[in-house]
Amino acid sequence: MKISRKVSLATRRLQISRSLIIFCGLLCTSAWWAYVVSVASSRAWIASTTASSGYSPSTAVDQNDGNEIKAYSVTTQTTGNSFSFDGKNLTHDVLHHRSINLPSRANRMVAHLNHSAPLSSLIYPLHAKSGTYHAYVYIGTPPQRQTLIVDTGSRLTAFPCHPHCPDCGTHTTKPFHLNQSSSYKIVSCEDCRLAQSDFPLEDYFEGDEIGGNSGDGGPPPRLRSNKYNPSKMQHQQRRHLFPNTCVNDRCEVDQRYTEGSSWRAFEVEDKVWLGLNDTAQSAEVHDKFSAPFVFGCQVSEKGLFKSQYADGIMGLSMYTQTLVDVWVQAGSIAHRSFSLCLNQEGGLIALGGTALTHKQERHESLGMHLSPMQFTPFAKENVWYYTVTVTSISVGKYMLPAGILQFVNDHKGTIIDSGTTDTFISHKVAKAFIAAWHAHTGRSYSNRLQQYTHEQFINLPTVTFELLGGIPWEITPYAYMEAEDHIDNDVTRYRKIPWEGKRGFISRIYIDEPHGVVLGSNAMTGKELYFDTANRIIGIAQATC
C-alpha cells in the first residue's frame, strides 16, 4: 500500500509537470508571435510613413571603419511628430527615443525653472577681432583703458603693467601704467586673494582639461613661491588655499592654458569698471560704479598672449574674485548675474541682468530676442566653469544615438566658454557625427578647406544640442564655417549675399576633444546667454544684437 501510494503520487506529479510545461510553451509561443506581429507592423508603418513623407533612407559611411549606417528622419503626416533612428535600433528608437530619460529630480528641477531675468540698464559694447570678443575695461584713478578678452571659461583677470613687463607683446592699447594711478595697491603676502578657492582645492586638480584655445585648462593656475613647503600644501588645501604665493614680497600667480599660452603676474588692487570707446564718458561712469578689484599685473607673456590683439583677459567664470561678484559685493550691481549677446562683429555685455527682451522694450539699435528666453540649470557642482546637460545632439535632420550622451555629459561635461574661439566635441562622438554629416551633405566631414557654391553652403546642416528642459542650442553654418577670405567686421557681406562659383570654408567644429564639449564663441553667436550664478541657471534666447 505504501509503495503503490508513492507510485500514484509520482505519476500525478509527472502529469502536473507536463501540463505546466505545455501551458508555458503555449504562453511563450503566443508572446513570440505577438512580438513578431508588432515588429512587422512597426516596419510596415515606417515604410509607409517614409514613403508618404517623401523621405528615403540615407546611408552614411563611417570614415574610420567603412561601415554603412542607415539613418532615417521621418515626419508623420497626421501628427507632425519627428523621429530619428538608425537601422540597428529601429523599434527602440522609433517608440522610445527622442532624448535621454531624465531622473525625476532633474525633471522636477526643470519644471520649476519658470524663471524670468531682470532687465539691466548697465549695458556695454563688445567688439570682435580674430575670433575673440573684447570689452573695454577702465582701471585706476584717473581710469586707464585696457581691451580684454571676455572669457567665461576662466576665472582670473590680468593684463601687462608698465614698467614690470618689458618683454610683453605689443597689443592694441598701451600697457597699464601702475604709477599713474593714485588708487592702486600691491596686495601683500598676508592677503593674497587669487590663492583662494571657493571649494576644496582637490576639486580644482582632479578636473579634466577644459580644452579649446582658452580657459583654465589643464592644471589650475600655478601659484609660485620661493618658500614652497609640501607639508604646508596639505594644510592650505584644507583651508581652500592654493600653495603659498609670496615671491619677493608680492603675491604671484603663474597661469597656463591648454593650447600652450601662459602668463605670470603679481596681484594688484585698483578701481575697475567697464566702459565705452569714449574715454571721457567712460570716466564719468567709472567714478560712479567702479569698485576695488584684485587683478594680475603681468610681468611676462608667452604664446598667444604675447602675440594677440587684446591687452589681456577678463575671467567671468564662477569665482568670488571675478568682477561680477566683486561688483555685487560693492553694491555697484544688484544681482549676481550677467549676459552676453554675440554677433559676428561684436555684441553686448549686460551686468546684473539681460540686455534684451522678447518685446521691443529697448532702442532698436540694441536688438531683441527672437523668441522668449528659456532656462536650464547648471549641470555640475564644485567647478568654476559653466556647464549644461545635453539631452540630444542632431546634425541637420539626423539625431545621433542616445549612447553618445555619456561622452558629452560625463567628466567635465558641456562647457560654455566665450574665451574659446571654436567648438570642440568629444572624439567618442566623431563616428556618429561623421555618419550624420555624410548622410546630410553627401560629403566627408573635415576641418580642412573645402569649396562650396552658395546653394551648397546654405544647405549645410545646423548642429543642434538639446539641453535639459527641451531647449535647442542651434549652431548654424554661418556660425561654425569660417571663410577662406575672412575679413574682420565684414563677415556678413560675403556669407549672406549669394556668390558666383565656389568659395572656400573651414568648419570650426572639431570632434577630437578628449572629454565632453566646449561650446566656444562661434556657438554663442546669434544668442543672448544669461549667466545667473545666484540661481545657478543659464538663460538662452535667439537674438539680434
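Our numbering is plain: 1 for the first residue shown, then up by one each step along the chain.
Using the three backbone atoms N, Cα and C, a Cβ is placed for every residue, glycine included.
TrEMBL labels come from automatic prediction, so no person has curated them.
According to TrEMBL, the transmembrane segment annotation covers 20-40.
The domain 'Peptidase A1' annotation in TrEMBL covers 133-541.
The active site annotation in TrEMBL covers Asp151 (among others).
Under the heading region 'Disordered', TrEMBL lists 206-230.
Of all the Cβ atoms in the protein chains shown, 30 others lie within 10 Å of the Cβ of Asp417 (active site). Annotated active site per TrEMBL: Asp417 (among others), in sequence order.
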Asp151 (active site) to Asp417 (active site): how many Å between their Cα atoms?
7
Using a 10 Å cut-off, grab the number of neighbouring Cβ atoms around the Cβ of Asp151 (active site), all chains included.
26
Tell me, what is the mean pLDDT of the domain 'Peptidase A1' (133-541)?
85
